[in-house]
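Marked as ADP binding site by Swiss-Prot: GLY150, VAL151, SER152, ARG153, THR154, SER155, LYS156, THR157.
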Amino acid sequence: MTVPQMIYLLSDATGETAEKIVNAVLTQFRDKPVRLRRISNVRNRPAALEGLQEAIKNQGMVVYTVVNRELAQYIKDECEVRGLMAFDLVTPLLSQFSQFFGRTPGQTPGLLHDMDEEYFRRIEAVEFTVKHDDGQEVSHLRHADIVLVGVSRTSKTPLSTYLAHHGWKVANVPLVLGIDPPKELFQIDPKRVVGLYIDSQRLVELRVARLKHLGQDPRAAYADIEEIEEELRYAKLLFRKQRWVSVNVSGKALEETANEVLVKLNLK
């Protein structure tokens, strides 16, 4: 059995960024068995030396992401003295940026990790929102940051998607006249629920356009003004009864509606 070659990732934060970059490069060497060993929070010489000694023991390569120039230089010097192959992922780029911006860089460790955390938080929010669109998986409503409720064509899905891309886990539940909403909707904190409504005439226009797009008769009950007004009365009554905050989406851009939702839920 072939023994995998070791690559040590020394980082002043978690090492996630270095690991992603190294793994991307390793896709070009799929025939080589490799093992990555992350050594996090390397912010002083003793911590760096401890990682290097392990690399020496296993004849590994060292890849490091350290923003402190003195510590990065120390790692470089020690690797040269000890015969370790090493690569600095950060210093060359910092130097180029310094020339480009005409100023010296800050040396705050962990900022790349903070960016990664924010990125993955948004990805997780989008994945959650897609799975909980249009009344899907209502058993998980309690895990949502925001639950949007409204009759058909009140911008529930696009608004959910917009909020998700800003890091909020959103579920949306349609209200249909004559059909009871899922019981799970009444079991969650009402302070996380927002009722969406729209002007009746505007809703007629949206539904007629939808029916035409689907090749269906635009005179169907779905787009009937009396039917729509009854649906909206039912929805608004439910909002008041459950003490859910409500937002009129008529004539508003998604950004404006999203901001209003966050303000009314005290999330902004």
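All residue numbers here begin at 1 and follow the chain in the order shown.
Just so it is clear, glycine is given a Cβ too, placed from its N, Cα and C backbone atoms.
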Neighbour count, 10 Å Cβ-Cβ cut-off, for SER152 (ADP binding site): what number do you get? 16
Just counting, how many other CB atoms are there within 10 A of the CB of THR157 (ADP binding site)? 17
CB contacts for LYS156 (ADP binding site) [other CB atoms within 10 A, all chains]: 25
Taking THR154, SER155 as the binding-site residues to compare, which has the smallest set of other Cβ atoms within 10 Å? SER155
Other than GLY150, VAL151, SER152, ARG153, THR154, SER155, LYS156, THR157 themselves, what residues in this chain have Cβ atoms within 8 Å of the centroid of the ADP site's Cβ atoms? ASN172, PRO174, LEU196, ILE198
Determine the Cβ neighbour count for GLY150 (ADP binding site): the number of other Cβ atoms within 10 Å of its Cβ. 25
